Structures are given as structure tokens and as C-alpha cells.
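Here is what Swiss-Prot says about this protein:
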| type | residues | note |
| --- | --- | --- |
| BINDING | Gly839, Val840, Ser841, Gly842, Ala843, Gly844, Lys845, Thr846 | ATP binding site |
| DOMAIN | 120-367 | domain 'ABC transporter 1' |
| DOMAIN | 803-1045 | domain 'ABC transporter 2' |
| REGION | 1-24 | region 'Disordered' |
| REGION | 768-797 | region 'Disordered' |
| TRANSMEM | 476-496 | transmembrane segment |
| TRANSMEM | 513-533 | transmembrane segment |
| TRANSMEM | 558-578 | transmembrane segment |
| TRANSMEM | 587-607 | transmembrane segment |
| TRANSMEM | 620-640 | transmembrane segment |
| TRANSMEM | 727-747 | transmembrane segment |
| TRANSMEM | 1139-1159 | transmembrane segment |
| TRANSMEM | 1171-1191 | transmembrane segment |
| TRANSMEM | 1212-1232 | transmembrane segment |
| TRANSMEM | 1254-1274 | transmembrane segment |
| TRANSMEM | 1280-1300 | transmembrane segment |
| TRANSMEM | 1405-1425 | transmembrane segment |
Amino acid sequence: MAPDEGDQAMSLQEEKPAYPSLSTTSSAELLHGAPLNDNERLDILQTAEHAMHRGSPKVDPHIWTNVTSHFSDSSTIDGRQRDILFERLTVRGKGSPFQIQQTILSALLYPLAYPIKRLVKLVGKKESHDGPGTILRGLNGIVCSGELLLVLGRPGSGCSTFLKSLCGYLEGLDVDTASEIQYKGVPFTTMMEKYRGDVVYNQEANHHFPNLTVGQTLEFAAHARAPHNRAGNQRGDQCQWRGKKESQVSLALFSLGGERTEGKAMRTDTVGMNSIAETVLSRASIVAWDNSTRGLDAATAVDFVRALRTSAKLSGSCHALAVYQASETLYNTFDQLILLYEGREIYFGSRERAVPYFESMGWKRPPQQVSADFLTAITNPGERQPQVGMEHAVPRTSLEFEAYWKSSPEHAELQRSMQQYKQKTPLDISEEIKLDEVKRLEQSTHARPSSPYLLSVPMQIRLCIVRAWQRTRNDIPGLVSSAVAQIVVSLIIGSLFYNIPQTTAGLGQRGSVLFLAVLTNALISLLEINTLYSQRLIVEKQAAYAFVRPFTEAIAGVIVDFPVKLFRCALSAIIIYFLANLRREASHFFIYILFQLTAVMTMATMFRTLATVTRTIGQAMSLAGVIIICVAVYTGFTVPQFDMPPWFAWIRWVNPIFYAFEAIVANEFHGRHFECVEYIPSLSFQEGLSFTCSYVGSVPGERYVSGDAYIAGSYDYSYDHVWRNYGILVAFLVFFYVLYFWLTELIPGTTPTHEVLIFRRGDAHPKLSRSDLESGEQPRPLQELKSLAPPAHPSMAEQKDTLSWNGVCYDIPVKGGEKRLLDDVSGWVKPGSLTALMGVSGAGKTTLMNVLARRMTIGVVTGDMLVNGHEPDASFSRKTGYVQQQDLHVETCTIREALRFSAALRQPQSVSTEEKYKFVEEVIQLLGMEDFAEAVIGNPGDGLNTEQRKLLSIGVELAANPQLLIFLDEPTSGLDSRSSWAICKFMRKLADNGQPVLATIHQPSAVLFEQFDRLLFLAKGGKTVYFGDVGHQARTVLEYLEKNGARQCGPTENPAEYMLEVIGGGTQGQSTPIDWVHAWKNSSENTQVLEELDSLVSSPSNAIPADPCKLSEFAMPLAVQFHHVMKRDLQQYYRQPEYILAKFGAGIFCGLFIGFSFWSSDNSSQGFQNVLFSLFLLCTIFSTLVNQIMPKFLSRRALYELRERPAKTYSWTVFILCQILVELPWQTLLGICTWASFYFSVYGDDQSPQRQVLILLFTVQFFLFASTFAQFVIAAVPNLVLGSMMATFTFLLCLLFNGIMQPPSALPRFWIFMNRVSPLTYYVGGISATALHGRPIHCSNRELRVFDPPQGQTCGQYLAEYLKTAQGTLHNPLSSDRCQYCPLRVADQYLAARDISWHDRWRNFGVFSVYIIFNIIGAIGLYYLVRVLPYAMKNRTQKSPT
């Protein structure tokens, strides 16, 4: 708790009298005793808070729920109690039952195929359905307040859809019009519109702001839903104080700390508990929990459900939970139960009567099978077992089960109960009035009565402002890095135009520096898109919870960002303004800042609006690229208004930067006279009107140029437009604000995704075409008994190796010292044994597995880890299989391709490809994946579902045919009990075939636990509690615990839950009088373990083979690795048309837009300048290309470094080379397409083929440089934000110093070297010299310098001496007045001023090629130095002698 928060809390506590402590109050007293008053409950909160600050783990969840539920008078609670009645609930899904994988060819043919497809639909037979079909079919039931409903069913049966439907989360779903859902007399639509916060859905995915601590996250939730006008007329600050206390006790209840909510920085169980606590603090009357116990150990899951049970009884709330793995203890906590089978209801009623109902139907419950598993097994034809003699009497299909249910007495009783309930609580206004009264008591004073939110809009905005400020304050590194980047860019721009002279020599430089200042400040706002997309899911969730409206978060973001933007703008303005020597007048300086700030705010809001209306960040970035080009071209600087093509000239009127730039330029030049430094003619005798200044806006006979005349002649700007433009700019700002706020409320934040299987064209399995799906989920694997048949694997490698570890410790550096995660852990895994690794949450199970697999990249590992008594050799990693918790795969591959890739590169070279692929087919059959082996993996939420991904992860490791050991980290996490059982049986089969297996597991049932031979049990801190045999019915481990003082395990208890309980597991970490770590160290069992370890070392077996191929780090040579990896990468690109088409769309559009904007530039000086600026603008596509390439590289790098490199699948050189080379063909083709789209429109078709080909080569070079540069930058950096910042900064340097914006001769001496090292200098120089060499210049009327000759002389006579050395031409030598002089004769003179020469074109081509080669070498070198060498050194030094 922050100091200011603590002071506030103490001051509030001092106002209250001291009450007797109620910390000893029992749960029974709370449930059945006299009700507590508010003062007593406040005392409980304070006691719980003090216990939390003292580090006490004992915060009773029952006490906590009593206080949070009863912090008001009973009438308020009675009014908030809601029941749920659903009748004839039928829900259909949107979308296709399965999809066909798109490729580049199919995407290109789509415009032709779509009309044909529509025509066939019109004239052909109408399809039976347009979506994946009916998910839920006629469900009926009622859940009363105070009850818990357990939702059971196999994945794909409709459990998630059922929960979503109850809570009104209907994105992607259609509810049948005959369906009825009511909440104690309140209709469904009314409940969703007016009382949405009382009905919430806790989804399995967790989304939180990464820059908030857990405490801040929960405090926001508590404040958003804390009642603000309770009985007793308590003040608003006391309500806020209560919200703070509730959030603090939530931290203690769910064992959460002050760490950030970012998922990567926290364990899975911690993130899940954070979401659970947030949902509890929503104070909803009805909550649906979708597999929310995933990732929690058994004891913690039970504690969580018990807390919900207490909350339901005390507050009258009701909860529906879908649980895939429910222990008997957890099962007995529920009141009601619904069982779904293929979307049909086959039972609804009392939990106690569910098992007897199905037993009376004729089904047999196996011994030791928990009730939930038995009920779920009923819906699986391959698992359920009929009683003897009932084989032909029991129902078989879901239709038969539904018919049996509807004809049963239990269903008739349910119908009677529902009819009685509807008569008692009809759909009338009375219940709505009662609920309105309760809501008004809880709402703030100024909240709209019909609003589902408790806070008024101003209070929501204030709350969001506090949170936005917390996020900003917690992101100090981000703020500092962005400020440093802004300072550096400003310093570069300011020093590039350092001390611009107050003469005509600085006129062009002033325009350039103002253009760059406006453009860079405005385009930094592009990052707003990333910010908005990162918080979109969070804002959508909290709007569904009725915390705050989406537009209030948008307003808060704008308000909190304003001082940051003001600071950045002011900082940038001060640096650029004074370094460049712009107008030194206070009024003009502040006008400059005003327009800069307004332009930045306008562009930021424009990009936020763009992010709101798009569905993916790729779409937003593509459209943003279009906006950037339009903004840059049509400001009036690169293309003056009088040269704008009529078909695009209108763009400037809708371009906010056009108005800002005109005003800033006019502000700088208005009312100023710039002394001329170059005259025409430059003769010693000049008098009258016989000379003029050689700059736009000059007047014959005047020795200065008026600033107003200059901007009028150069840009067609006027000072009269300054404040008109500001009004228009503010109008743009207001318009985008209103549009942005409105769209955040109107448009949903996300498009629902469905786990629909994706197949390559022609590969869809026929069995899947008529599947009954939930959100596109396909029939589950492992559902037939044949999948459990004993496997026959003649090709399985013979296992003879033993992995042992002794005294393993692991320390990591933390602030202020080191933290020990593993402490003196010993054990072994022998061939043919299945070992379980268990422990409380955070005990170090995954850490130990990573240490044993030699996958740790930080910290110090000590102790012995040996294979057959020897140090592991270089082949150790590839000989082990490691199934991680994260299912990481290449999303475009099919299952069969992924398995073949693993087999081809990880099985020994001595095994032929045919044998490897044959083995893959055996793995597919063993895992029961035949029906979807050709399915594309896809991304999470779109493609394989959770179970299929887990099976694939196991299959990938099994396909490698590991010769040593298989590690499985939480292989059953997120799976239903049937799938978990099947996977454990599969591990058992592997062990029976001689394969040593080590697996972590956190929620095993008693039957599942018996599959393991040995157990390694860890306590908090990575300390050993037990290592040894499990025994029949776990008697060996139970006897050990009981003889050391644990209570006796009951005959129906789950041994896994029992063990967690007796050592102090669960959310509260219940204290135990027994020091189990000390007991183990002094036990005879530990002595036996150490003796066995000594024997394994003293009598090593299986000496290391001499064959060097068997000891090599990789199974296959580099050439074979390169072949398979390159083939996969090429396939990936071909199967991602959205990536390739976005790349080509950006390039072709950019080329066409620039081409038509600079259409057929004439031979005037302005025309040649337009040609150069067209190259400058074409370079802006560089940033878009780089930002497309880098995320793709990072995703592939993550897969390689997290899974494929530790497994020694292939070498790092193969990885980096393939990543570089796979881009080059597409970049080459993109360069050709871009050249064709802009070359002829800008340069015409009258140039020689040699010049056309050379410009084509330069264009292709540019795109090759862009891809290799992106990989050079991102190869070593840790994340996309840093990579994008570095790439943008480097590109900006190259762009600024390429000679277009500032000629080399005008650069400050310090920056001259940058012109020479900028790759774009050679690109621009090569193309412009090739395109413009030898072209004559014909000045336009605006560019001609007009003056009168002395009386009695013609223009030719007057300028005869001057023309001998001048570069220009005289148009009318015989005229005696108005001499017309063009300052330049040929384009080469124009280019020479920028140090560009025709003779250097091939040199430029060669130098630019060298930069491409440098990028490739640099990417390889940096990746090795930063990502490979430290990893290799860590692996070499990870093992230390004991």
C-alpha cells in the first residue's frame, strides 16, 4: 500500500471506536449466528488487513465473504437476490462448421470465385444451415439465489455457450426467439440493459492492464462496484475507504501480491486468481465461471469454490461453474447440476440425485471414479459402461438420452417447479421496481437511474483518470524512453538545420525544418494504435462487468495523455525552435507550440478513431500507412497547392496537418524581410530595376525578399488564414473526439473467434462435416476405446538410460540479493517408470523440470544431474522430449506436417525418411488424431482447440522418438477429466514400453493418481516433502504421511487433495504443526534415496557410445536442417495471404498514389524537385514494411527459442538464415510491382531501357534493404516496442540525411558524415541521377526571374558578361524590358547542388548492395552475440560441482 493510502486509512480508522476483535469468529457462527452490525464487519476488515500486513496467511474466506456481502442492511441484500430461469433455451452459432485454409493463390482468385459461388447458391439447392448449427437445444432449468450450479459436459457439448447465454454474452451467437430467460421476474433484455453489472461471465482467458499492480487492479474493481449511497448515509470518502479495504483483503484471500498483472511476469495460477478476485469484487448477483479453476491445484480450487458457496449462502447470489476436472470434495460443494450431451440437456436437478439417476438408467459406476467423471463419461460412447443385462436397454445417442430425460419423473418435477416459480414470480413490473430501488440505494447521487453502472459518468471518468495516471506512473521506463527518443529526434532535426541564416539563403531550410517538425510530432501519434489495441479486451470486459463505460476510459486516456503530450511538444519545440534559429519572438514561439500541440492531439485522436473502427492491428496499421502518405504529400510542402493534381487536390482540405503547417509557416515568415544574398545578374553595377534577387517572391530592384511574398509564391500560403486554420484544426479535433468517444460505445471491441478446424483445400475429413459443435469445436479425440488399446511400437527406441539428480539447488538474482527456488532436491527417473511431480502452487515444479532439462537461462544451478552416472553429453537435449505448458507451434502447418518436421530433424540420421514418416503415422494413430491429422494448427481461438493442441504438443515430442526421457509439464491442464485420463493412460503405456516419464500434475483424481509409479512432492520454496513409490491405492505415500503425524486419509478421500491439505496447500496456505521438509530429511526413506543415488553414480551403466553421430548436438546435418526449415517457412508465407497481400497492397498503393500525385512532372525546377520528393515519399513505405516484418520474426524466434532450440531440432544458423532468405523473393517481387506502379507515371516512358532497368534494380534493392534491415534490428532486441523504436529512429536518420531535405553543402560540419553513411543517400542519388541526367530545365512563369535592363540596352546586351559564367538561360535576349532569366539550364546542375552525379550511379548501386550484405551479416552476428552465445555459455556453466 502506498504511503498516502496508508495515511488515509489510518486517519479513517482513528475516527472509529475500538471494537472487540472478531478474528476468532468461526464460519459456522457467521452462517448460523446472530447477524453482525456494520461496525463489527468493519472491525473484521481491519483485522484481516492487519493480518495481511503482518504476513499472516490466515484470512478466513468465510469471514471475508460475510463482510463484503453484508456491508448493508438486509433489505438491500434481499432486493439484489436473483434467480435464473431458462426455458426452451436454444442457441445457434454463427460461421462455418469448418474452414478452408487460404493461400496466396486462393486469395488472388477470390474476386473471380466469389461471384460464381454466389450464383451457384442462387440457382442451386439451399443449404441446410449457414453456420456451425445449433449448439444448445431446448434447455430448461432454474437456479435459485444462494445456490451453486455445476455445469458438466465434455468440451464441445455447449458448456461455455450455456454460461455465456445465461449472462448475455452473445457475440457470435443467435438465441432462438422461443427461448426464455428471466431473473426472478425480470426479463432477459431488461436485465442486460439496466442491470448488466448483476450478471457477469468470467471467461477462461485473463486480460489485465500490464502496468498496474494486482492491488491497483482490484482496487479499481472494488471502487467501481462499491455502493455509494448506503443505509446510514455514509459519506462518499467512507465508501471509497471501504472499497480500498475490500480490495486489500482480496489480495490476502487469494494470496496475491503487488506484482504487475502482466501475464508473462506472473504464474498462470496467479493471473487466474487475479481474474477471480476481480470478478468477486464486481458484487454481481449472478456469476458464470467458465473453467476458472484451470491452473489451480486441487486444494486451491476447493477453497475457491467453498468461498463462492459461502458467498452464495450469505448474500443470496448464485453461481454457475463449468469445471472440467472436479474432485469429489469440489463436486459435493454444489447444489444443482446440469449435464449436457452434444448441446442437449440430459439431466438438471439436485446434485445428490444425479448419480443415482444414471445408475437407475442402467449405467455402471466404476470403483473409485469420482462422481463428476462418471457423469461426464455418460456422454462418451467409448467410456461409459452399462450394467450387466442393461446393454440393450440404456439410451445410446444424445437424442435418446434427451428423450429419456424428458420422460423421467425428475424432468416432470423440474417442469412443475418451473411452472410454480413462474406463477409466483411472473414477468411484471414489480420485481423490476424492487430492483430499481435497490440499485438507486447503491448508485451514486447523480448516476442515471436507468444506467447499469453504479457510478455517475463524472465519477467513472475520475476513477479512470486515477487508473490511467497509475498506469502512466508505473510505466516510467516507457515514459523515459519515449521522451529520450523525442529529445534525440528533435536534437537531430534542430542540429540538421542549425542556426539557419536570417537571409534568403535560409528560406528553403526554414520550410524544411518546419515541415519535419510538424510531421514527426504528428506521426509519433501512430503509436496510439498499439496502445488502444493493447487495452481493447480489458475495456470491453469491464464494460460488460458494468465497471465503467468504454467512452469514460477513452476520455480519461485523453486527459491523462494531455500533459504528457504537452511536455513532449514543448520539449521538442524548444529544442528545434532555438537550434534552428527560428523567429525569436515570444508571441510567435507560443503560437508555434499551440499549433504543434493541437496538431498532435488531432492526429492522436484520428489514429485512436482508426483503431476503434478496425478489427485487427494489421488493418489499422495498413490504413495508418495510407493516412501517413496522404498527410505527407498533401501538406502543400512536397507538392505546392498550385501543382497538386486535380483528382487528389481535395485531400488537403481534409488533412489537419495542411492547416497546421500553413499556419506555422505563415507565423514564421509573416512581416519579415530577408536580406538577399544572391542577385541576378551578380554584377558590380546594379541600379534601379535592373536586378532582382534570385529567390521566389523577389521584386526587381529590391535587396530583400518579403516573407509573405515568398510563402505565397512557394506554397500559395497566406497569413490571413492563420486563425481560420486554427478554428478548422480545433473543429477537426472536436470532430474526432466526438467520433472516437461515440465509436467506443457503438462498436464492440473484438470480433468473436471460434475454435473451428481449418483444413487445406480437399483435406477436410468427411466425419467432420456434420459435427455438432460449440463455437466451432470439433468432436474430441480419444473418445473411442480403441485409442486405449495396448500400443505396439516396434519402432520405439529401446530405453536403458536413467536420469538422476542429487542436491539440486537453483538461485535467481532478485532485488537486494538472491532468491532460492529449488532447495536440495534429489531423485531419479528410471526406464519404465512414470513419475509424478506435485506440489502446492508456486512450489517450483516447472522450475525443477526446466532445470533437469537444462533449459534455464538465468540464475545459478548447483548439484549433480547425471545420465547413467555420467555428465550429460551434447546430445542430451535432443534425446529428451519436453512437453511444455505453452502449446507453441507454427500456425500454418497441419498436424501431420508438424509431426513429420519433428521426426525428420530429431530422429537419428541412420533412420530413413520413410521410416520416420511411418513412425509419425503410428503416433497419429496412438493419439487418436486420424480424423484431424490434416487440420491446420491455427492460432489460439481459431483452429485446434485446447485438447487438440495439447495432443499435438505431446505428439511432436513423441515423433522425435526420444531415447532418454520425456518431460511433460502440466499435460492435463485445461482438459476435461476424460482427456486427462486418456493422456495419463497414454503416459502409462509409454512407461510400460520402457520409456521413462516425468510429469507435473496439479488436479489428479484418485484413479488418475494410481497410474503413477513414483512421486516427487515439493513444498513452498522448492523443498522436498516426499520422493518414493506411490503404492497400490497410494498406500505407500499415505502411510509415510500418517506415520509422521498427519491425520488418517479417509476411504473416499482423494489422496492428492489429502496430501495438499496436510502440508498446508490452498489459497490460505493453512499452517501445519509438522515441518514436513525436516521430517523428510530425517526419514529413513530419504536415506534410502541417497543410498540409491550413490549406487547409480558408483556403478554407472551404459557407457557413452563412441559413435560421434550419436553424440552430436543435432541429429541431422546443416544441409538437411536448412532444407526442412526453409520448406516450412516458404509454406508459411504462401499460406498467409493476409501478410503477403498487406505487404503488396501497401507497396502498390504507395506507388500508385505517389505516381498519380506527381503525375508527369514537367521539366521545371519544381518538377525536378517533385521527382526528388517522390523518392523521399516512396521511402516512407520503409517503416510500414519494417513494422510488418518484425512481429513475424519475433513470433518465429519465440517458437525457436522456447521449443525448437532447447530440443536441438536445428541450428541457430539455419534459423536466422531461413528467416532472412524467405523474405527476399517476396521483397524482390514487391519491388518490381512498386516500380511498375509509380515509375511511368512520374518519369514517363521516354527513357531508354537501360535507365528503366537500372531504376528497377535500385527499387528492388530498396525493398531488399528494408527486409534485411528489419531483421538486423530485431534479431537481438527483446521486444517489438524497442525494435520498432530503434528501427524508426535509424530510418529517420537515414531519411533526413539522404540529401533531399537538406543538401550536403548546407549541413553543419558535424553532420556531413551522416550523408555519406546513410544508405538512402546512394539509393536517392542513384535513381535521381539515372532518371534526370541530361534533361533540360524549362522554368515555369513562377520560377523565372524578371527584371528590366538599363535604358538603351537589350536583355542580351545587358547580361552578356554575366551569362559567360552563369548556369541559367535567358529566354528573351532581344527584349528591351522584362528580362526573363531561368537560373538553371539542365537537371544535372540541380542534382550537383545535392552532390548527385550521373557518373556515380553504378558506384551507388554497389554501395547500396554492400549495405544489404552488411544487414545480413549484422543480423547473424548480433543474433549470435546476444541470443546464442549467452545461452550456450549458460548451458556450459549451469552445472556446478557439489
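Note: Cβ is positioned from N, Cα and C throughout, glycine not excepted.
It should be emphasised that the depicted structure is a prediction, and the values quoted were computed from it without experimental measurement.
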Collapsed DSSP category at Thr846 (ATP binding site):
helix
Distant-in-sequence Cβ neighbours of Thr846 (ATP binding site), under 8 Å, six or more positions away:
Gln885, Asp969, Glu970, Thr1000
Relative to the mean position of the Cβ atoms of Gly839, Val840, Ser841, Gly842, Ala843, Gly844, Lys845, Thr846, the recorded ATP site, which additional same-chain residues have Cβ within 8 Å?
Asp297, Thr847, Leu1018, Lys1020, Gly1022
Apart from its near flanks, which chain residues at least 6 from the ends of the transmembrane segment (1405-1425) lie with a Cβ under 8 angstroms of it?
1212-1213, 1216-1217, 1220, 1254, 1257-1258, 1261, 1264-1265, 1268-1269, 1271-1272, 1275-1276, 1319, 1322-1323, 1326
List every residue in the same chain as Lys845 (ATP binding site), at least 6 positions away in sequence, whose Cβ is under 8 Å from its Cβ.
Leu837, Met838, Gly839, Asp969, Thr1000, His1002, Leu1018
In this structure, which of the binding-site residues Gly839, Gly842, Gly844 has the fewest other Cβ atoms within 10 Å of its Cβ?
Gly842
Where else in the chain does the transmembrane segment (1171-1191) make close Cβ contacts, counting only residues six or more beyond its ends and a cut-off under 8 Å?
621-622, 625, 628-629, 632-633, 638-639, 1139, 1142-1143, 1146-1147, 1150-1151, 1154-1155, 1157-1158, 1161, 1223, 1234, 1238, 1242-1243, 1262-1263, 1266-1267, 1269-1271, 1273-1274, 1280, 1283-1284, 1287-1288, 1291, 1295, 1298, 1300-1301, 1320, 1323-1324, 1327-1328, 1331-1332, 1394
By Cβ distance under 8 Å, which residues at least 6 away from the ends of the transmembrane segment (727-747) in the same chain are close to it?
539, 549-551, 553-555, 558, 595, 598-599, 601-602, 605-606, 608-609, 612-613, 656, 659-660, 663
Output, ordered by sequence, the same-chain residues six or more apart from Ala843 (ATP binding site) with a CB under 8 Å from its CB, or 'none'.
Leu1018, Ala1019, Lys1020, Gly1021, Gly1022
Beyond the flanks of the transmembrane segment (513-533) by at least 6 residues, Cβ under 8 Å:
486, 489, 493-494, 496-497, 500, 557, 568-569, 572-573, 576, 580, 582, 596, 599-600, 602-604, 606-608, 610-612, 617, 620-621, 624, 628, 631-632, 635, 637-638, 657, 660-661, 664-665, 668, 1281, 1292, 1296, 1301
What parts of the chain pack near the transmembrane segment (1212-1232), using Cβ distances under 8 Å and only residues at least 6 beyond its ends?
1118, 1121-1122, 1125-1126, 1129-1130, 1132-1133, 1140, 1143-1144, 1147, 1189, 1193, 1196-1197, 1200, 1204-1205, 1256, 1259-1264, 1266-1268, 1271, 1275, 1416, 1419-1420, 1423-1424, 1427-1428
Please report, as numbers and ranges, the same-chain residues at least 6 past the borders of the transmembrane segment (620-640) whose CB is under 8 Å from any CB of it.
511, 515, 518-519, 522-523, 526, 529, 533, 603, 606-607, 610-611, 614, 648-649, 651-652, 655, 657-658, 661-662, 714-717, 1142, 1145-1146, 1149-1150, 1153-1154, 1157-1158, 1166, 1170, 1173, 1176-1177, 1180-1181, 1183-1184, 1187-1188
Beyond the flanks of the transmembrane segment (1139-1159) by at least 6 residues, Cβ under 8 Å:
104, 107, 618, 622, 625-626, 629-630, 633-634, 639, 644-645, 647-648, 1133, 1170-1171, 1173-1174, 1177-1178, 1180-1181, 1184-1185, 1188, 1192, 1226, 1229-1231, 1233-1242, 1263
As a test of reading the model: what is the averaged pLDDT for the domain 'ABC transporter 2' (803-1045)?
87
Other CB atoms within 10 A, centred on Ser841 (ATP binding site):
24
